[in-house]
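Peer 1: This is the structure I want to talk about, given as structure tokens.
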């Protein structure tokens with residue numbers, strides 16, 4: 001965005017401050033400035049001169065020798081133009097002037113000295129066309145000796161503001177708004193406020209009709225007569241050109257001028273065109289799909305239903321806040337107009353921009369969110385500018401329209417301690433009041449608490465919470481004035497999050513020690529998948545429209561892990577995965593949600609594998625891994641029990657039982673087993689899958705009970721010993737039965753025992769299996785003797801015999 005320093009000086013005496021001070025304050029307290037440059041400084045070397053005499057060139061028929069006067073001295077110019085005469089006022093580029101890539105030098109043309117060049121508007125880059133020298137006779141303030149830059153009101157500095165740095169400040173998207181901000185920051189007075197302009201409306205002018213609805217915050221229209229259309233006065237043209245806006249005529253230029261000055265767009269309709277549509281009845285409404293009409297940019301886009309329009313008698317005449325229609329625009333013959341001043345909802349303007357692809361200066365301002373009560377002051381200011389710009393016989397009707405929420409107020413409550421703590425400084429009540437009142441806030445104190453009434457031009461989306469006030473005070477005081485101080489932090493013992501801590505331990509052990517891979521899945525699955533793992537009636541249905549396969553929240557991690565296994569079954573011979581996730585139930589809190597740690601293992605055994613020995617070995621291997629995991633988190637006291645669950649194969653599932661809580665009651669902590677073949681088939685799995693899960697909160701409870709108990713035992717300095725024992729057990733009998741019996745014997749040297757192999761067939765009786773156990777012996781006092789090892793071995797043999805087990 002471009003801003004004119006000369007224009008802003010109309011509202012506050014910025015030129016008294018100095019450019020460096022202004023730029024510094026803008027950079028520190030307002031926004032980013034990309035550039036600040038003199039506008040067309042090369043025109044300082046082009047002066048208005050009067051032609052004193054004209055003579056033919058002695059050596060060239062097409063050249064003339066002109067003597068010109070610049071108010072202080074005469075110069076001789078050789079020129080080839082034919083449209084000048086004695087007494088004409090014309091622009092002269094003196095030696096040293098640079099016009100584009102051309103530098104003007106003193107020269108001789110056919111032996112005659114020439115001290116400059118008489119210029120056309122095209123040569124001065126003021127017009128695309130130029131027939132001969134620019135004749136300035138009779139033009140207002142065309143005085144001999146004046147520079148063309150001064151004559152055109154080009155003596156100015158243009159600020160180029162980085163738009164993204166003020167996108168949250170719609171009040172700064174205008175010359176007055178920016179000047180008001182600088183006046184506050186630099187402690188300057190406001191000498192002219194365009195929002196306070198007055199106008200006497202004429203009751204004799206017929207009122208337009210405006211239909212009220214909720215499609216705009218505010219919408220007013222005024223009927224205006226006595227309009228004459230011709231080029232704008234030089235001041236208006238100059239200010240628009242300096243801001244990069246194309247000059248059109250004295251009516252349209254005022255609309256653009258008001259937008260750049262006050263920040264609120266307006267639009268002028270040709271009144272006769274509206275009347276020819278059946279009368280003037282303006283309404284803000286939405287487009288019909290595919291509707292189209294010609295716009296000012298010569299396009300006729302097919303509109304979507306989300307585009308907001310201005311209609312007259314139901315016919316579209318403008319895209320609201322974006323661009324007017326071509327047919328209803330002001331023409332050279334226009335004598336009566338209807339002025340629109342409105343504030344639209346920023347969300348609707350954004351949708352119109354997105355749908356049409358049209359981004360105009362008006363829409364850029366509307367999409368920021370303008371203050372709705374400015375519509376009437378803008379009309380009064382525009383009428384004054386129309387009169388100033390040549391429409392001296394102007395008459396206007398009282399504006400007709402509507403304003404929703406005219407008395408909106410935003411009050412913020414905070415206290416001095418909050419402000420000082422946030423800024424890291426110590427400000428007094430007087431300091432805070434001074435800064436906020438300079439920024440047009442109204443402040444009232446009650447002890448150390450303050451109430452702040454936000455000015456209307458800031459209260460829409462900009463300043464709404466106490467932190468916004470802190471920012472206003474900080475930027476105005478200057479962040480560079482806040483002293484740097486080292487950060488101080490109290491050294492405290494960190495609060496331990498046991499759940500998070502144990503979760504990391506579990507993940508680390510499974511991923512590193514056991515070589516599992518962690519997976520992440522969505523919590524959505526189908527109602528049918530919930531039937532596998534519990535009562536589907538307890539399923540939590542998702543309210544959003546979702547496909548059937550993602551219509552409920554999961555009640556088990558099993559379906560997710562089986563789908564992961566299916567995806568990878570043809571890629572890897574061995575799959576070991578785990579997941580931490582939540583499951584959900586349609587139950588009262590806290591039973592409605594549980595955290596589960598689950599894993600799935602596929603070890604290349606087909607779902608139809610007949611060799612039960614191989615299957616049991618795999619199962620025991622995974623069971624051993626689970627036990628090593630439990631040992632790693634200091635859970636030692638537990639038992640495995642057979643418990644039938646529908647998700648598991650009837651002959652291959654266990655539940656993990658442990659005592660927890662103060663009452664020491666046995667609780668099921670987890671389960672382990674081969675997934676039921678029917679479930680494997682429904683997931684199109686070709687291989688056997690072992691699935692295990694833990695209710696995480698139960699594991700946390702057990703770990704928390706045991707983690708403070710030191711179970712460290714000094715390693716024995718004497719060699720360990722092992723005893724192997726093979727017995728016959730029933731084909732379907734649990735192999736844990738014998739190890740549990742051994743534990744009850746409480747043999748001092750017995751450290752642990754486990755199954756290390758199984759065998760069926762051969763010379764093993766039918767219905768039986770041979771199970772080999774290995775027992776580890778540790779003595780902390782002496783080296784094992786053969787006699788002691790034999791005693792323990794005999795004790796185990798006797799134990800087996802007493803309980804009906806046959807030795808192998």
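Just so it is clear, glycine is given a Cβ too, placed from its N, Cα and C backbone atoms.
The annotation domain 'tRNA-binding' is assigned in Swiss-Prot to 40-149. Per Swiss-Prot, domain 'B5' is recorded for 407-484. Residues or ranges marked as Mg(2+) binding site by Swiss-Prot: 462, 468, 471, 472. What Swiss-Prot records for 716-808 is domain 'FDX-ACB', and it gives sequence analysis as the kind of evidence.
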Peer 1: What is the one among the binding-site residues 468, 472 whose Cβ has the most other Cβ atoms less than or equal to 10 Å away?
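Peer 2: Answer by Cβ density within 10 Å: 472.
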Peer 1: Can you count helix, strand and coil residues in the domain 'FDX-ACB' (716-808) using DSSP?
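Peer 2: Per DSSP, the residues of the domain 'FDX-ACB' (716-808) fall into 27 helix, 32 strand, 34 coil.
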Peer 1: Name them in sequence order: residues not among 462, 468, 471, 472 whose Cβ is within 8 Å of the mean position of the Cβ atoms defining the Mg(2+) site.
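Peer 2: Leaving out the recorded residues gives 458, 463, 467, 469, 470.
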Peer 1: Given the binding-site residues 462, 471, and counting only Cβ atoms in the protein chains shown, which has the most within 10 Å of its Cβ?
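Peer 2: Of the binding-site residues 462, 471, the highest Cβ count within 10 Å belongs to 462.
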Peer 1: Could you give me three numbers for the domain 'B5' (407-484), the DSSP helix, strand and coil residue counts?
Peer 2: 36 helix, 15 strand, 27 coil
Peer 1: What is the pLDDT of the domain 'B5' (407-484) when averaged and given as a whole number?
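Peer 2: Here the mean pLDDT over the domain 'B5' (407-484) amounts to 93.
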